[in-house]
Structures are given as C-alpha cells and as structure tokens.
Amino acid sequence: MSNGKKIFISHSSKDQEYVDAFIQLLKKFGFRTQDIFYSSTIETGVQPGELIFDTIKRELTNQPVMLYFLSDHYYQSIPCLNEMGASWMLSDKHYPIALNNFSMKDMKGVISSERLAIAFNDKTSTNEINCLLKKLSHDTDVQAEPDFELNVEKNIQPFQNKLTQLIRQASYLKPDEKGYFETILSTHRPVYGTAKGVYDCFKLPSLIEPKSLGLDTLSEDESHWLFFFLTWGTFQEGEKVRFKLKKDKAYNNREFSDIGKCKNIYVSYLEKVE
C-alpha cells in the first residue's frame, strides 16, 4: 500500500513519449494509476470539468514525490518553470531526470545539477534505473511486484529499448515545412570508376528520417551518404549545406566492405549555407 504520497511528473508535453515509457515502467514495477499524477493523460491527470491549475495546486499541496523530466523543452516552458518553483516550496523529495542531449550545465532555477538523479540516454544502465525505482518505492511505500523483483533486468529491458528507439528517432534529420534539410557534411568518400569526375559523396552525420524516404523503419547499422553531381559545386567536410531529396528516387541501398550497409541519398537541390 502507498503511504498516500503520489509521484508528480513535471514535464514538457513535447517530451511526452519519454515520460509515457517511464510511466509504463512504474506500473510494471507496482505503482497504480492513483499513485501517479501525470497531466498528459486523463487517467493520471486532470479530470473532465476540472481546471488544470487548480488540480496542480491541489496535487502539490499534498507534498508529492517530484520527478522533473528536464530538457530544453522544459526550460522553454513557463508552466514547467512555475511548477518547479512551486514544488520546491511544497515538497521535500525531488528527482531531476535529464533527458537525452540535455547538459547538466544547462540546469537552472532551484533544481541544481548536484541534485541530478539520473540521465536517460543510450548508456543508462539497468542498475541505475532500478536504483531510482527503489528510491521512489521507499518514498511512497509502494512495493515492487514479486515478478518484477524476480527478474529486474527482463522487466526494465523494454523501457531501455524504447529509450534507445526514441533517442535514435530524435537524432534523425528532418525537413523544414518547405522540404529542405540542413546539416553539416561529414566524412568525404572518394568516388571511383565511371562515377569519378561526375559525382561526389559525403557522409551525413545523422540518418534521414524514414518517413521522408517513404519507409517505416531504418536498419540499425546503416549509414547515409549524400551522393550528388559535381555540377552542384565543390564542397568540403564540415561545411553546412541545405538540400532537398529527389522526388522520383531519394535513395539507393548499397553495401561495401569498409562501411557496411548504407544508402546513397540523391538530391534535387543542394547549396552551401553561410
């Protein structure tokens, strides 16, 4: 049984997918819907007919255990910062969680980097996650399900897999509203044979999102290479470029002994960005 203390999830709605995955892990551990306040779903958040700020005020007054999912999105949100300040005054249990690519040096306000509980990234270990769950269990008196304790690694693995998937998706190159991609050219690859003197080739630092290529998924071990006519100009590693994908054929699957599986990415427009 819970001691009445809820877990309060302070987050930006733009990071909801990360939080949704963690909520599923909390429930697998043994937390019930009524043990969690999470405003992004009706079952754990604001009920129909309620005012969100009145609900948040009531929940914070009950001195919940605070989890802050910190990101650039979080610090760009005035409601999130207000929530952080109010909870600091009303609660004595605070667990800041840094999401992927959020630097501790960017932590501001009343929650300092010295208080960081965990960073969710592709290196987060099972032991780190389980340690956080045990602290939350201690603070709320919510006990772990017997099945969870019998196989901690097996039960945490789906969350780690989802975290890795979300991090990978966040790194994808995505176009702007007009269909243009912007990136920095990475490794230059010499072109041989009949293509020499006609084409040039540079590795892209990130994969192009599957959706833009008309795909559902990408291979975990593939790389993407911009393969274009020399008539587009002379380019160097480290230069920032802007391009559009070729509509009739945006890519071609290739495989080489030195770089493995890859896609040649074809463009209909390419320019340097100063």
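In case you wondered, yes, glycine gets a Cβ from its N, Cα and C as well.
Under the heading domain 'TIR', Swiss-Prot lists 3-140.
In the three-state DSSP reading, S12 (NAD(+) binding site) counts as coil. Listed in sequence order, the residues of the same chain lying 6 or more apart from S12 (NAD(+) binding site) and placing their CB within less than 8 Å of its CB are F69, S71, H73, Y74, Q76, S77, C80. Marked as NAD(+) binding site by Swiss-Prot: S12, S13, Q47.
According to Swiss-Prot, the feature active site maps to E83. A helical conformation is recorded for E83 (active site) in the three-state DSSP classification. Sequence-distant neighbours of E83 (active site): residues of the same chain at least 6 apart with a C-beta under 8 Å from its C-beta are S10, I56, L60.
DSSP assignment over the domain 'TIR' (3-140) gives 68 helix, 20 strand, 50 coil. Around the Cβ of S13 (NAD(+) binding site), a 10 Å sphere holds 12 further Cβ atoms from the protein chains shown. Each residue in the domain 'TIR' (3-140) has a pLDDT score, and their mean in this model is 88.
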